[in-house]
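Student: Can you read through this structure? Questions will come right after.
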């Protein structure tokens, strides 16, 4: 008797991946389920047991919150990654980590393949498959949902036929993905770019009408670009981000309504909630403004934009991403200090910043009697700075006279 091929499935506990377990078994595979917690608050024990109940031969659950925070979210923070100037890469950040864990489990289980539950029109199929092939080119990648092309009703009928539990929230019109860096939401009424998102589409943030009428002022401390404490209380990075989700979300900070250009060539309307991420990005940027020299500060946005594109496009495990990360690491050596932020009515407003590496010299900046700036030096500087345009003007006037 020939031995069954083994596949490791990225398992969420939802309908698609539960049906995928049974479908893959029918295709002749021994299915191992693998579920990660990257901060969405899943009941891992329940998910593990459900996978076994549906038919998986083994079920892994992995608490990856701190790894996600340190190795992935931190890169996004230090690079201020906002795809198309808006999207902090919530889902795009978790996909390479999930792919990494799938490969690790596959190698441990001596599996020949890995599988994911992505459809054929989203970005995630690209992110998963490119990442997996980058980490282990020998693994086969299966995409059951993309292959079976069932309608929702057909999928439910298949689940009922095989005794697969159907989630109680199946009637929700939305497609939601969440991790500690934020929450993404699409489908339903959100597919109409003119329609206002209903409050039911949000979860991490309060509507402005229900936010407090008095602000919360917090102090966020950074060490070499890493946020380490809030109001003097130190947290592991994953807990710090989740804490900021609570604090900033209570004030309605971090709602994003965005029509974005997908990697696969279509436009998609997405609603995001990223209270912690947006607060941290703003605070970190202000501390960089205080501690980076002008040339680095002016060049870094070019690297940031490219990093956002690389991550969005599924190229986390690429030489270009590694090179960009090397630049970022160098810029963070002196990004140490404290930033004071006011959270109020949908805004995270930076009100103060300080650092032992501050390049701001009050005696040079002041207009009082304590001014230490050499005003006479400005005359020679202006002459040399404007010399190229002055020479150009002289030459142009000579040409005009000749004409």
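The count begins at 1 with the first shown residue.
Every residue, even glycine, has its Cβ placed from backbone N, Cα and C.
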Student: Need one residue: from 55, 85, 117, the one Swiss-Prot lists with 10, 11, 12, 13, 14, 15, 16, 17, 18 for ATP.
Tutor: 117
Student: To the nearest whole angstrom, state the Cα distance for the pair residue 12 (ATP binding site) and residue 175 (L-citrulline binding site).
Tutor: 13
Student: So around the ATP site, 10, 11, 12, 13, 14, 15, 16, 17, 18, 117 aside, which residues have their CB within 8 A of the centroid of those CB atoms?
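Tutor: Checked against the 8 Å cutoff, the neighbours are 19, 20.
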